[in-house]
Amino acid sequence: MTLRDALLALRLALRELRSGKRRFTVFLSCLVLGVFAIAAVGSVSESARSAISRDARILLGGDASVQLADPFPEPDELAWLNARGTVSHSISLRGMARTAQGDSALVAVKGVDNAYPLYGSATLAPSIPLADALGMQTAGDSAPLHGVAVDALLLERLGIRVGETITVGDRAFRITAILEKEPDRAFQGITFGPRVLMSMEGLRQTGLLLPGSLLNSHLRVRLHTQGGTAAPEAQVTAFAEEARRTFPDTGWRIEPFSRAAPRIRNILDRMDTDLMLIGLGALLVGGLGIAEAVRGYLATRIQNIAMLKCVGGGVATVLWTYLLQILLIGGMGIFAGCALGALVPYLARETLGHLLPVAMDASLHWQPLLRAALLGLAIIVAFSLRPLLLAGAVPPAVLFRGYVATQRTRLSGSGRLLVGTAFAVLAGLVYLLTPDKRMVLGFGAVVIGCLAVFRFVAWAMRAASRRAPQTGHPSLRLGISSIHRPGAPTTHLVFALGLGLTALVAIAQIEQNLTKALERDLSRDAPAFFFINILPDQLATMDELAATPGVTRVEQGPMVRGRIMRIAGVPVEEAVITPDVQWAVRGDRGLSHAAAMPDDAELVSGAWWPEDYAGPPLISLTDDLAKGFGVTVGDTLTFNILGREVTAPIANIRKVDWMTFQLQFAVLFAPGLLDNAPVTWVATVYGNGQQVDSLYRTVTNAHPNITALSMREILQDVRNIMHHMGTVFRAMAAVMLFTGLLVLAGAVLADRHRRIYDAVIYKVCGATRRDILLALVTEFSLTGMVTGLFSALTGTAAAWAAVTGLMHLNFTVQPVAMVATIAAGAGISLLIGLAGTARALNKKPAPYLRNE
């Protein structure tokens, strides 16, 4: 194509757009909505990541964090760190807070020194210096008490106020302030129970720092720099390497500020990928609307195309003329979608800001906008090519054939190759622009599967309507036969409605099954309480709990504190570990030992050791950790247990169902190594009833060092998280469904000229408005009902695979969701179908007959 031809095509395209812009309403709506969804998700995620990177030192608590194997560092270790920067020490653990009235609550205790925090500041109400709030407090003639700052939730749960006292462990504390903001809270991850912030001296006096207790001890370091500015990443990296060389056997875990808040980063990455793929699904559904809108627009330009060919215009000129129009309109739609998506972080700063530990960085991020624009452009080209190529094949003789359809419906071989190439480029872009390649491959498989299912549904509906008996009311026969007539929007209706309804019913089925599992199955089978930090001489008390009315059984097990240092000889900082098991290498974990294999365990590989085993250390590992670590039987794991490094081979791998919440350990040692270690015990109590609930208070009041975790509260926290996540995914699925409605509207509008022509013929043959209306109701309601039925079945099948295959839970079909989907399919199809064809009923035959 020459430059002259290109300029001609551009002039013709601009001239055509003067009168054709209003026909691109559905085209623009589908495109803007899909691009907006991808741009918005990406912009919000980038804004959150930017905020985390900006305040990384505040979230970590320093330039670097040194996690200790013991509660307190050795003097030489502390002196070495003090020579290189300012050091702040904090210890976090679980405990129980009790009031004078005997009420108690699980709390996340944190002891800090006078240097805390090195970056940022703690916000208290009333606004007082943190050192004053945690120092010694006097009230009247009472003895001085250490002060604590607590979460407002603790005051609500215990029914107390600032100024009153609580007991933590063996020591009473006076509440001096409400802790509104803790700068490094995100570094701790999920903490069960409200925070109680106290001085390190106060924590020492609680009696909670027992040998073997599960706790996290961190030294945060603010490195010395010239001018007192924040240390650059290179200096922090050099510090970490020097620390590892100087103290290779201390069991230190050193985290630079660049790796602050890893849990939040992982959640953001997963949510970004998941929501972007749902947004891409909406854009793909919108692609059907784009194709229909282009087909409908070109159908009104058949005469123009024929005249252009009659005066010497070639196929290339025709194609470029209309492709340029589509690209110009599409460019405006992409710009609008990206602009709206870029605004979302500014609008969501207040509504979503409370979900992040730092203020969201509301600014313009080009990368997600470019990603959305490229995908939008690829969608436009891929879905517009087919109708464009078919329009380019329109013969000039169409000028002399009136309303008779003469447009080809099949592409040539070169046309199919061109369209296939466009879709291959689209698939490649999706793969390259999505970080999680496994997720995008799974998404592609789901899309292909849904397309195959709904293509079969559309084919089956056409075939069934073609073979339907020609009996009954004429309008019913007419409505059924319209499903398979040439140009009928059946296929587009099935695709447009099917994908959105499938996504909604799948999310509804998964959420309802998870809720059922939590409220009935897990709540019934899970223990009522976990008790931790039990001393050996307190085991008799736990045995006595079995006699409490309502208690069905009590399980106990020894536990020692330890952490994984190396995996198959590779330090955990360098090992490749999948995100789902990263929790196992963050801080200390509970380890245990057993002579006999647990009753509820199932060996996957290897063999269990004899009960009288007395050889070198061996370990039993759960299969989820083995897969996440990439290890098998014979590989070694190195642990730091109470300051001593132990390397042991994996003797066997066992399968454990964590969803039962039973007393289980990810790592079990063979008898021998931990037999004489200073251990604490953990216990689970099963049962229900008022007397079982009172054990929470009875045990913790009698033994202040014992911490109780209520499964009722834990499950409620899980329900809340599920509710928030379900809301987000339902909203994105609703966007996909709304895009499908636009596609459906576009398909009906694109077919409007044919509907008018059909209505004229029906009226000439004696049909009334009522007859034509009944035929339309039959066609659209039947198509929508069948689409809803298969959407319900497909979505339920997808939910079944997710619940049973990924979550390993029992699945129960939720009939309400299925019935609602079928009804929604019929109702939506009927409403949009009638709204788009109502004008056909009002057309009089005379003007059309005169032109024939």
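Placed from the backbone N, Cα and C atoms, the Cβ positions cover glycine too.
As annotated by TrEMBL, transmembrane segment applies to 24-44 (among others). Below 8 angstroms of C-beta separation, residues 272, 275-276, 278-280, 282-287, 289-290, 292-294, 297, 326, 329-330, 332-334, 336-338, 340-342, 344-345, 348, 352, 365, 367-369, 371-373, 375-376, 379-380, 732, 735, 738-739, 742-743, 745-746, 749 of the same chain, each at least six residues beyond the ends of the transmembrane segment (24-44), sit close to that stretch.
Marked as domain 'MacB-like periplasmic core' by TrEMBL: 28-242.
Positions annotated as transmembrane segment by TrEMBL: 275-298 (among others). Remote same-chain partners of the transmembrane segment (275-298), defined as residues 6 or more beyond its termini with a Cβ less than 8 Å from a stretch Cβ, comprise 20, 23-24, 26-27, 29-31, 33-35, 37-38, 40-42, 305, 322, 326, 375-376, 379-380, 382-384, 386-388, 390-391, 430, 434, 439-440, 443, 447, 489, 492, 495-496, 499-500, 503, 728-729, 732-733, 735-736, 739-740, 742-743, 746-747, 749-752.
Sequence annotations record features per position, and here TrEMBL assigns domain 'ABC3 transporter permease C-terminal' to 277-391 (among others).
Here TrEMBL flags 319-348 (among others) as transmembrane segment.
If you look up TrEMBL, you'll see 368-394 (among others) marked as transmembrane segment.
Summarising the annotation, TrEMBL assigns transmembrane segment to 415-433 (among others).
Residues or ranges marked as transmembrane segment in TrEMBL: 439-458 (among others). Proximity of distant same-chain residues to the transmembrane segment (439-458), defined by a Cβ-Cβ separation under 8 Å and at least 6 residues beyond the stretch ends, is recorded for 273-274, 277, 280-281, 284, 427, 430-431, 490-491, 494-495, 498-499, 502, 786-787, 790, 794, 798.
Marked as transmembrane segment by TrEMBL: 493-510 (among others).
What TrEMBL records for 728-751 (among others) is transmembrane segment.
Residues or ranges marked as domain 'ABC3 transporter permease C-terminal' in TrEMBL: 731-845 (among others).
Long-range contacts of the transmembrane segment (772-803) within its own chain (CB-CB distance under 8 A, at least 6 residues past either end) are made by residues 446, 450, 453-454, 457, 461, 473, 475-476, 478-480, 482-483, 490, 493-494, 497-498, 501-510, 513-514, 759, 762-763, 809-811, 813, 817-819, 821-830, 832-834, 837, 840-841. Residues annotated as transmembrane segment in TrEMBL: 772-803 (among others).
Sequence annotations record features per position, and here TrEMBL assigns transmembrane segment to 815-835 (among others).
Counted with DSSP, the domain 'ABC3 transporter permease C-terminal' (731-845) comes out as 100 helix, 0 strand, 15 coil. Remark: secondary structure over the domain 'ABC3 transporter permease C-terminal' (277-391) totals 97 helix, 0 strand, 18 coil, with classes taken from DSSP. In the predicted model, the domain 'ABC3 transporter permease C-terminal' (277-391) has a mean pLDDT of 81.
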